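Everything on this sheet refers to the single structure shown next.
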């Protein structure tokens, strides 16, 4: 089950009954060591997610919901979904877990797939690499190994290209999250970088044959668009917003680097003080020995020199991952527009 946090992500706490139910939907390849290699989504699910955002999403406000389906060998089939209702902190009487249980029970009564296989969330200009999403996906994936999170980008979709991606946490990151040790040494030992925190799973959208025939007929009847529109440049607002968000994350990364450098300087300074103290003790013991006096008693250096608390590095990895996402968005945007500029220049030279 999942408990929703307004506007940030959902913190999931899955029950054993849900995990057991998902296990019943597994095929031959549904053993614990298998990985989901493909996500198959019904077209109805995609439309429900889009409709949910259009009805309740506003600006930076995200919408979230539950994904239902089953696992067949190494393929996760998402056949239905339902949204988390929008509510505020004033709605103290609203029980999110009870709401999900009632929804799944109702779906089971009408013979619709009701097995919990993940969740979905909208994003604002690709801003989804957050601690809330990490904690939520870990809870889902820890209870149901095949769980995925679908990230829907309404801004890209509004520009004419459906943006829907499925992500899972990598096995290395799952182990680190289980240990709950995000110190620099632990992350270095696990060899985790921002590039290997999430793994993207390919998505295939499936429709019935009747829907495919209908789409084919509608495509034939639709008017042919003006070919010159293909060379129109996209709005610069998208690029400007991504650059602004990128600069904000770079500032956060800079502040985090300053904190880490301060920790390293304090650690180095303490090591020097500890070494100097040991040398003084050793010299004093040698002098006492030459005078025939007993050496000084041993002292617990860990009490005298308490090591500084290392800063958690998980937030730094998340910021780096979000910076990488913004860079990829900017790269994709500029590549498309530069291609159009070169094509327009070539056509102009040809016509002249």
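Just so it is clear, glycine is given a Cβ too, placed from its N, Cα and C backbone atoms.
These figures come from a predicted structure and were not determined experimentally.
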In Swiss-Prot, one of 1-34, 35-68 is tagged region 'Disordered'. Which stretch would that be?
1-34
Swiss-Prot tags one of 156, 180, 188, 303 as SUMO2 cross-link; which one?
303
Within the region 'Disordered' (265-310), count helix residues (DSSP H, G, I), strand residues (E, B) and coil residues, in that order.
30 helix, 0 strand, 16 coil
Residue 303 (SUMO2 cross-link) has how many other Cβ neighbours within 10 Å of its own Cβ?
7
